[in-house]
Amino acid sequence: MKIRDIEIKNPVIMAPMAGITNMAFRKIVKEFGAGLVYSEMVSDKAICYGNQKTIEMLQVDEGEHPVSIQLFGGEVESMVQAAKFIDEHSNCDIIDINCGCPVNKVLKANAGSKLLQNPQLIYDIVSNIVKNVSKPVTVKIRSGFDKEHINAVEVAKLIEKAGASAIAVHGRTRSQMYEGHADWSIIKAVKEAVSIPVIGNGDIRSVEDARRMLEETGCDAIMIGRAALGNPWLIKQVVESLEHGTDIPEPTYKEKIAWCLTHAKRLMTIEPERIAMSQMRGHAPWYIKGLKSSSAVKNELSKVNTYEELEKILKDYEQFLDTL
Ligand SMILES: Cc1cc2nc3c(=O)[nH]c(=O)nc-3n(C[C@H](O)[C@H](O)[C@H](O)COP(=O)(O)O)c2cc1C
């Protein structure tokens with residue numbers, strides 16, 4: 001698949017996730033074979049005000065191409081200004097516009113899924129960004145704002161008309177937040193309505209789900225979010241299955257623990273140890289989810305402050321698992 005002139009080597013895409021898909025995480029899923037990765041969403045206003053932390057989030061490592069930087073905002077002028085800044089100062093490959101975030105704070109800025117209530121504004125934002133940047137522009141949407149206002153097809157047509165190079169569709173409404181089921185029929189309807197590549201998203205938790213999404217919706221690529229947390233092997237399993245028809249076995253507990261520690265070390269290359277460990281308090285329990293007696297360990301992991309503590313807890317747990 002190509003997103004304009006950017007070659008996406010396989011149709012397995014890691015979803016953008018705020019607080020999660022930083023460079024350390026992206027490099028891991030890239031090593032596990034993801035065809036495309038996205039940054040966490042970044043605020044247009046923060047870029048316009050020159051917020052240092054946000055500017056740092058625009059940096060991309062050589063090993064993670066192709067990568068999209070995702071931008072959120074609700075005004076044409078600041079969105080264009082921020083997109084131009086990304087175009088000129090980030091070595092990312094694609095600029096993505098967030099029209100799906102359901103969080104109140106983002107909606108108050110007229111951004112994220114709030115934009116679904118104003119398709120003309122989406123058109124204005126996307127078309128003006130496309131005119132002003134050289135990188136391809138893509139958009140991520142939800143099926144609609146609520147079940148009375150399912151407008152993904154109308155919005156997708158406008159996004160295509162505005163010059164976007166691909167569209168990702170999460171088959172939930174804003175009202176659903178992350179609850180209930182994603183409605184894949186909306187993804188199919190969008191795919192039938194536009195000619196640009198369509199990326200299907202929502203509730204892919206296994207190789208079978210990924211295959212079914214591609215078959216049922218006809219989408220060009222699939223996007224995996226929550227199911228890859230602590231489980232980058234899922235990305236590899238899907239890629240290998242789609243590309244070569246081969247089954248990759250589930251990881252052993254030793255592999256899970258080793259990658260968890262690698263994740264922590266990589267986070268410490270981009271964040272101070274204290275911040276890296278606060279993030280690992282979220283990630284580490286995901287890595288050991290489903291392993292024997294992991295509940296008590298998860299509790300300990302939720303309190304780690306240093307890498308040394310994290311390593312000790314995980315190594316002790318590994319020794320316990322060795323005895324079983
Ligand atoms: C913690 C978290 C953070 C997220 N952050 C973003 C974000 O920054 N931008 C975005 O477009 N979607 C974001 N999403 C939505 C995901 O990209 C994805 O659309 C959603 O989780 C559905 O896919 P899944 O069922 O595979 O998880 C986030 C989801 C979660 C759970």
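Glycine is no exception: its Cβ is also placed from the backbone N, Cα and C atoms.
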Among Gln70, Gln81, Gln279, Gln319, the candidate listed by TrEMBL alongside Pro16, Met17, Ala18, Lys140, His170, Gly225, Arg226 for FMN is Gln70
Quiz question: given the recorded positions Met17, Ala18, Cys101, which has the greatest number of C-beta atoms lying within 10 angstroms of its own C-beta? Cys101
If you count the other Cβ atoms within 10 Å of each Cβ, which of the binding-site residues Lys140, His170, Arg226 comes out on top? His170
Nearest-integer angstrom distance between the alpha carbons (Cα) of His170 (FMN binding site) and Cys101 (active site, proton donor): 10
